[in-house]
Every structure is written in structure tokens, then in C-alpha cells.
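Read through the structure below, which is laid out as C-alpha cells, and then see the notes.
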Amino acid sequence: NSKDQEVDAAKSDGSKNPQVFKLISFLPTDNTLTKDIVPMWIEKVEKETNGAVKIEWTGGPESIPSKDQFDAVRNGIADIGFNVSSYYGHLMPESLSMHLSPYTPEEERENGYFEYLSKRFDKNGLVYMGRWLSPSPFHFWSNKEIKSLDDLKDTKFRSNPTYHDIMQALGMTPIDINPTDVYTSLERGMVDGFGFPLLGPNENGWTEVTKYFIDEPFLNQNATILMNPKAFKSLSSDNQQKMLELTAAFESEMITYFNELNEKERKEIEAAGVKIIKLNQEESKEFQALVKKVKWESLEKSTPDQIKELKKLLYKE
Amino acid sequence: MDWWQVLFLIVGGLIALMLIRVPVAFSFFTVNIVAAIFLWGGGNGLIQLIQSIEDSLTTFALVPIPLFILMGEIMFHTGIAPKMIDSVDKWIGRLPGRLSLLAVGSGTLLSTLTGSTMASTAVLGSTLIPEMEQRGYKKPMTIGPILGSGGLAVMIPPSALGVLLASIGKISIGAFMIAIILPGILMAFLFALYIILRAKMQPELAPKYSLSSVPLMEKIRTSIIYILPLGFIIFLVVGLIFLGIATPTEAAAMGAFGSVVLAALYGRLNWASLQKAFTSTMKVSVMILIIVAGSTAFSHILSFSGVTRNLVELIQILQFSPIIILIAMLLLVIIMGTFMESLSIMMIILPMFIPIAQILDINLLWFATMLLITIEIGAISPPFGVGLFVMKGVAPRGTKMKEIYSASFPFIALDIVLIILVFLFPELATWLPELMKN
Amino acid sequence: MLHRLSRVLDFTENVLAYIGGILLAISTITVVMEVISRYLFNYSFLWVNEISEYILLYIPFLGGAWLLRSNGHITVDILEELMSSRLRFLSDILIAIVGILICIIIVWYGTLTTFDVLYRDVRSLTTLQIPQVYVMAIIPLGTFILMLEFIRKLYRTILMKKSINKIDTITTSL
Ligand code: NA
Ligand code: NA
């Protein structure tokens, strides 16, 4: 045991010989969503481990395609991944349950969902550290004024697998459009709108050709910080603990940061000429119930063996 | 290992392999495999490489590549395109180098149909070169103008690369599409001017051939038959986008389908020509897509290993004036363009260059316009460029790469002249978008 | 025997390339269908883009060996004329060996990845839920045929050298 302590001591004596980890993110390093928040976490790690850990941000999809980053971290090509389950749900369907969590990261750490995810990620060969992007629910953006769910019927919306089933349930026509084609499709009226979180469309320039933002958030964020187990275990047990704790603390700072950013973004999209509209209470209730029904059904289809436990953890009437 | 050592080994190795005639795609794969073993950690790195190959090709944005090639091949093998060009030809007077001018003219016309340099070069090359050779035109006046005109596809909307550049660079896509129009037209004018001058100075390159005067009625008749229906294709490719019926990517399929319909209407569609068109399309598509697979992983490796990051940081460290840095950035793109493919260059440089440009307070529309022309130079700058390779694929058998290289130089120079003009007169890029706002 | 094997390889390559051409036609037709159906019937086939993407991956791997047979892959031939016939022979051998080695690695790791995808039952996140094993499998499969073509190239290069040598001996002895 004294040998272990020696090793630990050697490991934590990092100021001279820091352990360097490679970090990879699903968005480029200059994206609004990543450019401040990733350095914020890195700074925290480097400070609280007293320089024993050094993190090198090796970039985004230009370094490793977003959809491969889950496996890249699992296989140790990178050590840490900032990703969203939309890009690895095909490898780990139960990770899509994050969409359905009605809880804050802090609540998830208390009610057992964090622990559940840790186990599942561990089974997939990864260490689950925590979240990095919240709140970031999904929204509909439209060029038609939407006052009720009926107004959505028979509209054509740009979609991706996150929205497909919801749109179909609403009687809409979801269309798969390449990100680079979205602008033209909106401009030319090929689609009436699209699904996207609040942050993004303005940066992409889509707000130039979008009239309305429907202020009816649905589903929850699904962004995770994942670490390669070998890399994690190479840390002294003291530093392992520190990393987990500081990420938990980081989550609340991160939420403050994104709340401010979201507030700013609302003003910016309005300045860009996008009108923020709301559904009335009744319609909103109906909509949320429908989203919940559809998404739980599709989760049951994609991960039948996990559904019972997930319902226990996340389902709220 | 320092980043510059990695850069030297990777790029040096790649060039060495290509020079001993290992096919370009397999040179990329070889370097990727070696780099994946050392930089991505052995077996896991190679698994990542396989996934990277899969990812690079399962990209819907690339769908127009085979489709626009198919479109050109169908027009060519069913003999429609030559007829069309023949009809345009009837209207062109006794200008020196008239067939090369025709290439620029058709290139401009075609660039309103296609957003991809590769497709445009393929169509122009396969359609016009046989005609030119038959008339005794020499390579500098056949291959050169077509290589240059291929770049027009990107400079005149629709421009796939332009949309991508704007969206990655976070510039208004609409404004950018408008911004590139004037420089695009100017590019066509520069090419035309050069061709006339060169043909006057060296008439043997573009021999004059006897032109029987064509009666007006004949001109009108052939135009109605062979040029007017071009409107049908323009409608399918551009009109459907404007009417909001198809995305730019889908429009490519509509265009390919439309060319089959058109061939059928001319009564020129038969099994043999269709088979020929598909065979040629397969050949060109395989050769392009396999290189896309190779070079995409290549740029991932360059980016992941920190080579590109360090390269760009180096430019930032050298505290020169914004103008010097801007010129340095454009020069770097030209250098990268000699051995890398447009899409990869853009993927790597934009996340670094745009912030630099923002810090230096450079007008982004203006900067992006110059960047787009610069990136396009890469497609035709030796030794490696997609335009060059497509040209090799569609040029007559026996055409040497060396001949293609030497034909490209004057047009690279003209592109650089255009960049200098846009550099000196930013209004070329900024005037139209300003006008649109008011 | 070798001759027969060689003909089987020719046939396989032709069939694969033919399939590639058919897939290209399918890609065109399905996209056209999607546009028409969406415009006229307000119905979108959500699988069209996905299918076209897979076809993009299939095309080069179906046609790679077929194109190599006719030396159709893009090559930088800038030094070709400067090479002596001996140097050209050596570089031809080297190219074939490099090709074979690359293919062995891609086939091996492609197979590993394919089995990994099969074992983890990875499916696309779309309505089609296509098992990704069908997508990935074309990489080792197409590369395997490519490897056979490189082996044939190596064999033919050596054979040609032998026959040239023979002619050389004959002419010098005359
Ligand atoms: Na164009
Ligand atoms: Na080049």
C-alpha cells in the first residue's frame, strides 16, 4: 500500500511533469457553444489539480468527425470528449434518454440518474464526468406564424432524427436537408421552418431568412463530458476524485454562463428580425404531452432492455 | 516530435509517394496509415482511419459530384452538348481563339448550372476538348481555358463551396452569394481578354478555320433546337431552387434526370450511349471520391496532430500589419492548395482564419471573396488539384500531366490578378451586397 | 489455372462496377422521386438522403479495382519520362507492393470495424435504422478485390520483365 501511495505521490507531483490529455469537441473551437465553455473547464481542471493535469484541446470535427468522437475517446485516440448524444446515440441508444430527463444536472446527481449513466458509460468503455451544455432545449423556428398546433399541420420542416418522430406525430412533413442547404431552402420557401436549439441559427446566418422563433422549449440538453478509462485511471486517486468534484461544481457555473448567453441570444435574434412567439397554455400542454409520448415510445423501441429502469429514474407524470 | 517535423514527414512522404507514381488516392492512404499508427496509437488509430474513410464519403453534400458528372456525360455521349456548343458557335464571329472563348462562355453559362468545379471541368472538358482537338487547337488553348473556366462554377452562384465557406466562416450566405458575382464575371472577362491576346500573338495555338457565313434563319433555327432546351436544364437546376421545390443538392439529381429526358426527346437516347455515359461517370466518380476519402482523413490527421494549428499560430505570432497577415494567409492557402483539396483546406483554415480576420478588423465579405478565389486556385495549381485530376480523367488519352500543368499556369496567374484587383478595389465584393440592403 | 483465376477476377470487377452504375442510377431516381413526391403529395421519404450517402461510399469501393485494372486512378506522372525502364520496373514493383500492403491493412482493420459494428448492432438513427454493418462491409470487401488487382499487377510486371529479358537475350544472341 505504501507503494501505491508512492505512485500516487509521484502522480500528483505534476507541476514538473504534468499529465497531458487530449480533448476533442463535437463543434469547432470557435463555435459559440464551445469557445468559452471548454476553456472554462480546462482552466478549472488545471488549476484544481495544481498543474498535475494539462489539457490540450485538439479541436473539433475538423480533427475527428463528430460521429466518431465517442469511439475515439473510448479507444484512447483522444482522452476527453465534449459531445452530445445525438452523435453517439447509434452506439449507445440509452444515452438518448438524456433528452427526456426533466431534471437539472445537480438533481440528476442526487436522484440516481447520474449513477445510472456512469454505469452505462462504463459498460461502453467510458468514464462519465458530467454535463457541459445546459440549458439548451430544442425549439421550432418557422416562417409561418404558428398560433396553434393545427398551424403546424402539413408544414414542411427541416429535420433530423431528433425531431423526425415528433414532427410526424404533429402531421408535419419532416425533410432531411444538408446543413449547407438549409439557408437556401428557407430563403426559397422550400421548407417552412426547422428544429434547432436557441443557439446556432443566428451564428449560421439562418435567422436572416427566418421570421419566427416559437418559444416552446422541448426535451432536455444531452451534452456530456466523457473520458477514456485508461487516461482516467492514470491519474492519482486524489486527482480522480478532484476531477469528478470539479466537474460537478463546473456544471452550476456552466448553467449560469449559458443562461446569460441564452438571454443575450434572445435579444440578438430579435435584433436580427426574428419574432418570438408563444403557444397558449392549453396548446403548450398538449404539445409537451405529445413530445413526451412520442419520445418515450421511440426510446422503448431503441433500448427495450433499459426502458423500465429509465422510466423509474426519469418519468414524471 | 515537433509539429514542423511532423509536417515535413507527412507532406514530404506524400509528395515522394506521388512522385514515384503511386496513384494519388493510395499515396494519401499510405501516409494516413503510417500517421494513424504513430499519431493515433496503432490499431485503434487504424480503426479510426476506417471510420474516417466511411464518414468522409457518407456526406450528402458530395452527392452533386457524381450527378453533375453524369449530367455532362449524358449530354456528351448522346451528342447533345456538342450540338449546343456548335449552335453557340454560329453566333460567335471571327474572334481570335474563338473556341477557347466558347469554353469561357459555356463555362460561364454552365456555372449558373453547377456549383462544383469538378463537375464543371468534367462537362467542359469532355464536351469541348474533342471539338477543339479536331479544329487543331493546341493544349494551352484547350486545357487552360477549361481549367480556368471550371473555377467560374464556384465564383458564380450557385456555389456549393461558397455556401460552405460562408456558413463555416459565419458570414451571411445570401450576401456572400451576391458578393462573388462581380468578381466571377470579372474572372470570365480576364480569361477572355487573355485568350484573345494570346491567340493574336500565337495564332498557331488556335488556328483559324474557315467559317462559312451562316444565314440568320439557320442560326435561329439551331438555337431554338439546341440552346433553348438548355433553359429546361437551367430550370431544373436553378429554377427549382428558386421556386423552393428542391434543395441545391437535390437539384443536381433533377438536372441529371433532365438531361436523360432531354436526350430522349432528341431521340438520341439509346442503351449504348447510356451505358457509355454511366461507365465514364463511374470512372470519374471513383477517381474523385477515392481521393476525397484519402484527403479528408489526411486533413483530420494534420489537424489532430496540431500541425495546422501551429502553422496558423506562427502567422499570428509574427506581429505584422493586417495587410501583411492577410497576404500571408492568402499565400498559405495558395501553398496548401498545391497539394491539398479545397474542401479540406477550408475545413482546416477557416476556424483559424476567420477569428484572425475578425481580430484584425478585416471586412469578412471581402476577405472571404479573396479566400474563395485563392482556394479555387488550389484546384488547378500543380502538382495536386482536383481540377487537374478531373482534366486528366477527361482529356484525350495520352495527355501528359505535364501538359496539363503548363496549361494551368497562365490561368493561375489570371486568378492572382483577379485577387489583386479585388484586394485593391474591395468594392468589387462589397458594392452589390450593400446595394441589396438598401 | 492462373488464367482462369484472372478471368474470374475480371468478371468480379465488372460485376461490381456494374452494380456501382446501377446504384448511381438508383441515387438519381430516388432523389427525383423525393422531390416530386414532396412537391405533389407533401410526402417526404426520409431515407433518400441516407441511401444516397451510402451509395457515395459504395461507388469508389465497388469501382476501385475495376478502375485500377485499366490504370485509371489519378497518378502524378511528372517524372515518368525521366525514368529509365529499369527504374520504372522497380517503381512498378514498389507501387504494387505498397498497394498490396495498404489493402491488407484496410481489409484487416475494415473487417475488424465491420465485425465491431455488427457485434454492437450499430444502426443508423433514422427511421430506416439500417444496420451499419451493411455500410461498413463494403470497405473491406471492395479493398479485398483491389488487393487482388494489385497482386495481378505485381505478377504481370514481373512476367513482362521476364519476357522482355527473354527478347533481350534473343536479340543479343542474334
Ligand atoms: Na456556379
Ligand atoms: Na493544387
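Every residue gets a Cβ built from N, Cα and C, even glycine.
Over in TrEMBL, the protein carries these features:
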DOMAIN    B:12-428  domain 'TRAP C4-dicarboxylate transport system permease DctM subunit'
TRANSMEM  B:6-39  transmembrane segment
TRANSMEM  B:60-81  transmembrane segment
TRANSMEM  B:101-125  transmembrane segment
TRANSMEM  B:146-168  transmembrane segment
TRANSMEM  B:174-197  transmembrane segment
TRANSMEM  B:224-245  transmembrane segment
TRANSMEM  B:251-269  transmembrane segment
TRANSMEM  B:281-302  transmembrane segment
TRANSMEM  B:314-336  transmembrane segment
TRANSMEM  B:343-360  transmembrane segment
TRANSMEM  B:366-390  transmembrane segment
TRANSMEM  B:411-432  transmembrane segment
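Residues of the same chain lying 6 or more positions beyond the ends of the transmembrane segment (B:314-336) and with a Cβ under 8 Å from any Cβ of it are 345, 348-349, 353, 356-357, 360-362, 367, 370-371, 374-375, 377-378, 381, 419.
The stretches the transmembrane segment (B:366-390) and the transmembrane segment (B:174-197) are in mutual contact, each linked to the other by at least three Cβ pairs under 8 Å (pairs 6 or more apart in sequence). Beyond the ends of the transmembrane segment (B:251-269), by six or more residues, the same chain brings 63-64, 67-68, 70-71, 74-75, 78-80, 113-114, 158, 229, 232-233, 236-238, 240-241 to within a C-beta distance below 8 angstroms of the stretch. In terms of C-beta pairs under 8 Å, the stretch of B:6-39, B:60-81, B:174-197, B:224-245, B:411-432 lying closest in packing to the transmembrane segment (B:281-302) is B:6-39. Taking the domain 'TRAP C4-dicarboxylate transport system permease DctM subunit' (B:12-428) as a whole, pLDDT averages 83 in the prediction.
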